[in-house]
Every structure is written in C-alpha cells, then in structure tokens.
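> Below is the structure I would like to discuss, written out as structure tokens.
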Amino acid sequence: MPSDRQRKIRNFSIIAHIDHGKSTLADRLIERTGLISQREMQAQVLDNMELERERGITIKLQSIRLIYKAKDGQDYYLNLIDTPGHVDFTYEVSRSLAACEGAILVVDAAQGIEAQTMANVYLALEQNLEIIPVINKIDLPSARPDEIKREIEDIIGLDASEAPLISAKDGLNIDDVLEAIVKNIPPPTEDEEAPLKALVFDSYYDNYKGVVAYTRVVEGTVKKGMKIRMMATKKEFEVTEVGVYSPGPIQLDQLSAGDVGYIAASIKDVRYCRVGDTITDALNPTEHSLPGYRKVTPMVYCGVYPAEGEKYEDVRDALDRLQVNDAALVFEAETSAALGFGFRCGFLGLLHMEIIQERLEREFNLDLVTTAPSVIYRVTKTNGEVVMIQNPANLPVTQEISVIEEPIVKATIMVPSEYAGIVIELCQDRRGEMKGMDYIEETRVNLHYELPLNEVIYDFFDALKSKTKGYGSLDYEMKGYKPSTLVKLDILINSEQVDALSFIVHESKAYARGKGMCEKLKDEIPRHQFPVPLQASIGTKIIARETIRALRKDVLAKCYGGDISRKKKLLEKQKKGKKRMRQVGSVEVPQKAFMSVLKLDT
C-alpha cells in the first residue's frame, strides 16, 4: 500500500515521435504548475543543451518536479522525465521509462501514429506502465482528432475515448492532461522502511560536486551523510547532497521510496557511477540489485582524431566526460598513418555520431577530424577463426577470408500510401528485402523490410524523408548477420594508400563510390608542382582514377620567336624536374578534403 506521502507522487514521462510536440507540452506543464513564470519561460525549457534548442530535438533525458494543485484541492508532486524521440536515442527512452509508473503518449492530430511512436509504446508496455494518450496540435486546420482516436484504438489497442485534445503551442486544455495524470497514473507503492535501493537513470559531471546521479528511489531512504555503495562497482561513497530539480537543484533532507531526484557523493571518477547501476546503503545493503538496463551495443563506428596531434589527451578527457552521461558511447585508442593518434568510437547511429562530434567541438573547444563511419562485420577466415571487424584497416587479405557477413536490421517504415512505390524503390536500391506490407488505413501503409545496416546508417533516413516530403517514418532493430559480397575499397593519393579513407562496401557499389571519392578529392586537394594521381582500388586492381594536374611555370615566356629546339629543350628540362619532384614530393591532404569526402552521399 502507498503511504500518505506516496499517494501524492506521480512519476511519468512523455513519449512521442519527433516533432509531435513533446518538449512544447513539457513547457506548458511547467508553466501551468507555476514552476517558471512566463517572463523566464523560454522554448524547450528541459532541452538545456544549446545543440538541442538549435536542432529542435531532445537528446538527453531530463527530470523535473512539478507541484500541481488538483481539482480535489490536494497538492500533488509530479516528477516529469523528458525523453528523446529519435530512433538513435531509444536507449535514453528505455532508461527514463524504468523510473516511471506511467507515460503520456503524445500523438500529432494531423500526422497520426508513426513508426517511432509505436516503438516507444512497446517499450512502455514492456515496463507495465499506465499509458495516457494525448492528442496534440488540434489547432491545426488539418487536425483530425476523431480519426486519430480510432487509430490509437485500432493500432495500439489503447482506449482513447477520454484522450485529452490539446494544443501545447497555445496552452489549450493543459489542465485536462494534469488531471489525467493525477487520476490515471498509479502512485509508487514501494516500502520506505526497506534497505535503500535506488536506480541511477542518468548522471552528469559537475566541477564542484563530482558526478551527480539522477536517481529513482525504489525502496528505502537516502539522506545526506549516509554511506552508499554502488552495486556494480562495489565502490563506497558518503552522500554530500540530495535533492530534486525544480527546475534548478533544490536541496532536501532526504529522498524516500517513490521519489525522483539527484544524489551527489563527491564521486570523482566517472566510471564508478554507471547509468543503470543500483545504489544501496553500505551499512545495510539490499540483497539484489535492480534488473539492469540491457547494455546498449553501438551500431556505427568511426575514428575521431584531433586536428593537432598534441591535443590527444584533451580528446581522451572529453570523451571520458561525455561517457559519464551517455551510456552508449564507447571508445578505444587507435593510430592511423595519415592522421596520427586518435580514438575508434562506437555510436548508436549517424545522428548520435554527429551530436557527439558537435558536443566535443563546442563544449570542449576541440578541432576534430572524423573518418568514414562503418559497421561491425563478421569475418570467417579460411582457418575457421571468426573475427569482428569495426575498422576497415583490420580486414584480413582476400586470400584469408572464407565468408564476410554484414549486420542486418529489421525495419518498419510507415508512409502515406501514395509514396509506397518510391519507398519500395529506395529500399531495393539499398539492397533491402521486403518481408511484408500492410495497410493501416486506406491512406497509410506499413512496410516491413530487412536492410543491411551499412545502407541504413549513411543517409537512408534523410533519403526517406526527402522522398516522402517528410511524412515517412522509420524504426529499426538489429536482426543478426547475413553473408554478403563485400570488398575493401582503398584510396591511393600519389600512389600511397591513405588508411583513413578506406572503407568496406558492397561489390555492386564499389565503382560508383570509388569514382565519387576520387572526383571529390580532386576538387578539394590543392594543385601541386607535379601531377597527383588519385586512385580507388580493390586489392591490387585499380577501379577508378582522377589526376590533379600540375601547376606549371610558363618556361617559354621569355622565348620570343626563335628556334623550336630551344623551346623543346626548356620543356624537356621542366618535364625532368617535375618527374624528380613527383618521386620525392609528398602530398598534403587538407582537413577540409577529409571532411568533404566523408560527407559524400552514398
């Protein structure tokens, strides 16, 4: 049974597809409960990274406590945990849902249910959460709330008859949402007297307090001065501060079962406070840790190098700092003949990779070069040994390879039916295999495909959006590995291989990719005093070539008329000089050339 204190607590998060109005609804709830006055209000209050506001997306989950006076005259504590919507950040969503009893499902009144909405709903159902559907953007002329209600009931199977119809932008019917939270989301019921058990669902590094952990107290109580133990690492610390965010940090005496807040304990090393860990009382520990999060596996790898070699340690420090609150980022040191010392980093997807790169550049003032993104391939060698390859440079020679397998994803693509043909064409072009197709209603269709992850990570999402005028939506999950005819494509500049530009590609696309890279490099590398050949090769076979023409001095400028043999002699002399220069000269590849080639459309 919930205690009197717990009866007043509601822990919930907001889930939705990108752009369905999740952060705007969070802003309105904050405003309506009087937490921030309209004067201090700024759009996307919970998106406190500059990058999040700029891109209009939520990247990191945030938590905040609201106090709401309900119609029954009681004050309720509502702990809102904001979640991202992009497919790359599904792990952030699963983390925040683990700390809640309920979720608000925001659906756009014009767009309806999309692929990512479905994926997040399934995550919430797995955690046995109470889901409240809310239909947003009813102020739009194209809004069709009644149809959307039917869609929610038919596709997800949730009763949407009492779903609040709101406009988060205009602040319409926001009270209905708050009342629905109080009425429908169950209060926490855990035991306050049991030994402490708290779930770390996020953390960040503070220069003064050390690592600060966002936690949901599941059982027991945590107070200042108490000795706590991290169950995964067995490390012990003394709590220096506990409190809640409302919206800034507010210190409290204690956090008890059902509360969502933060704990600071002068933890200096980010590795000791892992997201998904359980915090317990060091003197009276709980027997079992909470069921941890599944460890997230990176899907995409790329090399990250400092533009100036001496900044190597700074990059390591920055990656360490980012890793504390981004459980999905993994990295290890590597070296490249072309770029020097750097790191091989693993990400969840291309958006995640871009975000990390931008955060490194902005928050830590680093100048970086990144190599082409690649996925993990499984290679069976002729001697039966199986190796996982994440860096194309480590691929064994062709003679040693028996089979190369590439990762395959199970993709669900939702599109308006008039775009189905274009999307099927796109999937076929990306070597997709159709597994099924069903109509949700007359106007929308659900396509089920198996696609190579290599084809999805580059620009599949962008291509899908542009071909469906923004209406297509995608959700995917790993399925496994499948044998494929893949080759390693090397780029040679002035007959020297540049390891940072090597990548693994399907045989059918090797020529187009190789030719595209040579053409792009030709535009980007400045001309030298000698001709520079640019070649794309598979093993020893050259499949594409471009030549950067030499800069030439006009050696005939001072020959006015005169004997032809004199001119020939001067030209011959110049030719010999160029030949000698080509043998000893080295070609500088500017950083801009690396960047533009790696952004090459695939």
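Any Cβ shown, glycine's included, is placed from N, Cα and C.
Below are the features I grabbed from Swiss-Prot:
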DOMAIN    7-189  domain 'tr-type G'
BINDING   ASP19, HIS20, GLY21, LYS22, SER23, THR24, ASN136, LYS137, ILE138, ASP139  GTP binding site
> With every protein chain in view, how many other Cβ atoms are within 10 Å of the Cβ of ASN136 (GTP binding site)?
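Within a 10 Å radius of the Cβ of ASN136 (GTP binding site) lie 30 other Cβ atoms.
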> Would you mind ranking the binding-site residues ASP19, GLY21, SER23, ILE138 by how many other Cβ atoms sit within 10 Å of each Cβ and giving me the lowest?
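Each of the binding-site residues ASP19, GLY21, SER23, ILE138 was scored by Cβ atoms within 10 Å; lowest is ASP19.
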> Under DSSP, is SER23 (GTP binding site) helix, strand or coil?
helix
> Tell me the coarse DSSP state (helix, strand, coil) of ILE138 (GTP binding site).
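In the DSSP reduction, ILE138 (GTP binding site) maps to coil.
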> As a test of reading the model: what is the averaged pLDDT for the domain 'tr-type G' (7-189)?
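For the domain 'tr-type G' (7-189), the model's average pLDDT rounds to 74.
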